[in-house]
Amino acid sequence: MQFSYSWLKTQANPDLSADKLEHLLTMAGLEVEEIDTAAPAFSGVVVAEVKSVEKHPDADRLNVTQVDAGTGELVQIVCGAPNVKPGIKVPCSLPVAVLPGNFKIKPTKMRGVPSNGMLCSTNELGLPDDGVDGLHILPEDAPVGTNIREYLDLDDMLFTLKITPNRADCLSVKGIAREVSALTQCAFTPVEIQTAPIGSEKKQAVRIDAPADCGRFISRVIENVNAKAATPDWMKQRLERSGIRSISALVDIGNYVMLEIGQPMHVFDADKLSGSLIVRRAQNGETLACLNEKTVTLADNTLVVADEKGALSLAGLMGGAASAVSDGTQNIVLEAAWFEPEIIVGKSRQYGFGSDSSFRFERGVDYRLQADAIERATELVLQICGGAAGEMVEAQGKLPEAKQVGLRLGRLKTVLGVDIPAEQVETILQHLGLQPEKTAEGFRITAPSFRFDIEIEADLIEEIGRVYGYENIPDDYTSGRLKMSELPETRRPRFAVYNEMAARGYREVISYAFVDEQWELDFAANAAPIRLQNPLAAQYAVMRSTLIGGLVEILQNNLNRKQNRVRVFEIACVFGKGSDGRFVQNERIGGLWYGAAMPEQWGEKTRNADFYDIKADVENLLKNKAVEFVKTGHPALHPGRAANIVSDGKVIGFVGELHPKWLQKYDLPQAPLVFEIDMAAVLECGKTRYRAVSKFQPVRRDLAFVMPEVMNHDDLLLVLKGAANKLVQEISVFDVYRGTGLPEGMKSVAVKVILQDMENTLTDEAVEPLIGKLIGVATEAGARLRS
């Protein structure tokens, strides 16, 4: 939102410098992005009247002028502007003047003729281009000799505010003035809306066919206007200083009313309309040529203003070229409406262009402002373009209901930490236009139509706090007893997991929770993911149920940057639906390892990481839990190199190598290794229990079993561990042999058994029966002792 200080002062005139007002607005939540003067620095330029013009004797394109600059005598100036003529008043820079860019004016001779100054265009003064080829022509009543900065108010300060989406009421000079009045207690004097005299019987019928999308729609016919009338300089100046280019009087009036009171408007050429103006949803495939010279194909989620023949404008966004006013326009229809913000939001992105109107409508416009806007625009049209106004015609749809909100003074003190007198609170609320009513506990207000953001008590407390001034709330350091937070013995701290992963060489990454729907099919076989109603983009249309897709994408990015050894992990939530249909989110840790097992070095032979490398990382991560790895099938993983991670009979995650079919699809030179585990299980750990170290030597026995290839060694270990007693400290596989000496379809699995007693040295008499028992249960399971 951009505006000039001089315009603001017509509605609220605080006794503050521009710099102090900038600070005040910013501290109140209306951030001032930029403040600047209306024109760059220059001096020595005055209003002058051209008295005579003669051709230069030695130059066809130059003229010798005599100028009255208020010095008491005529000044001779040689000028090359094509529009110079006697009687006009123009800016004149006299000798000793300094123009923008430190350009100094001195007496000189031009083709032998003395010239004692320069007549100026807008460009030479650093002003916005007025579209004139030549000198900047001033009004006839401009006083000769007056400093041009003073006459054109060029020391006026321009404010650019960054208005937050909840404060659409501040997207007008009136809204800013209301805020300044509340902040400084100066008088708030908004423009007085005059009721226009009715001089025409013509009316423009209106109809709302989408009442949920349009709450109010008002029209007024004005006949016999002069569309070629010039926009007054005061209006041009205010528009230009608000960042809007002057186009024509009728268009400028609509823009001016929008900036002045906050209601976007549209002006139709009445003679180009056919029947009623109708607010409706567009028909799929309907087209509209817009004022920006773009033709758009409309979707049925778009609101349009139409007549009996078809769409005339994109409601709240942009008018159509077919019904636009031009220099030949004689009769116009003024239109003002209130549109539900939700129907306007996203349309700028959908159609590839926006406007000042859409910026306001999608944030919310005062739903009681439309009639005032029509009256104000009518007043300006009659004043500038003439004509005769007809009566307003109004149609209503569904309008918002005013909300009542209570404010407890006790709660106000608790939240802000300062005791603000009730009288001061009441004054602040009144200056904000909230019209408070006293209650036993404080005040009750009915949210005004221009404040969509006032919904709960906290909103009122915020208003009081920012107007009272956060800087006026004294510092009060929190005091109290400090107590260390207690972490249960059965739960490890989160940072320990991060440190563990970093120690293993993994780097933490963060990816979007919104993912490509295809990832869900590929990596989770999830054909019914949770869909987003308004996705950021097509490739972010669903919520993830696994972390694998994001990790693979990060791997691709690293490979594109020639990083051939990648180890990353992410701790984040995944999303799904429970058995009752409700959304469920669970936190998981996912990891990916790609490339060499070790960094390249002279002392270690280079090899790619395999399943057992990443399994070791998982075992280290879960070292405080008893876990098993059970062969499984998973849509993301290689069918022979995938395992579920099981703890206490419950699957808590999976680990394995990415399925070969995804390597080509995702352009990966080799298969990465991945894992994903429930974070709750990772943080869980058993209580640490003391156990004395045995003073007696352990005994090792190595057993080699011949077993069918189809038999899993985990099954063998499970049988052996089930038959073991307290003397057995460890049973594990240390070798697998296939080849000569074994029948076809058989393999030899070597198992080490570690035995140790806490009280005695083990003897063969104690060990051999147990070993025999282990051999027996293995034989029953289908594995015979290798001879």
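Glycine too: its Cβ is placed from the backbone N, Cα and C atoms.
Quick look at what Swiss-Prot lists:
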DOMAIN    39-149  domain 'tRNA-binding'
DOMAIN    400-475  domain 'B5'
BINDING   Asp453, Asp459, Glu462, Glu463  Mg(2+) binding site
DOMAIN    694-786  domain 'FDX-ACB'
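For the recorded site, Asp453 (Mg(2+) binding site), the DSSP three-state label reads coil.
Reduced to three states, the DSSP call for Glu462 (Mg(2+) binding site) is helix. For the domain 'FDX-ACB' (694-786), DSSP puts the residue distribution at 28 helix, 32 strand, 33 coil. Most Cβ neighbours within 10 Å among the binding-site residues Asp453, Asp459, Glu462, Glu463: this distinction goes to Glu463. Of the chain residues outside the Mg(2+) site list Asp453, Asp459, Glu462, Glu463, Asn166, Arg451, Ile454, Ala458, Leu460, Ile461 have their Cβ within 8 Å of the site's Cβ mean position. Shown for the domain 'B5' (400-475): DSSP residue counts in helix, strand and coil, namely 33 helix, 12 strand, 31 coil.
Taking DSSP states H, G and I as helix and E and B as strand, the domain 'tRNA-binding' (39-149) has 5 helix, 48 strand, 58 coil.
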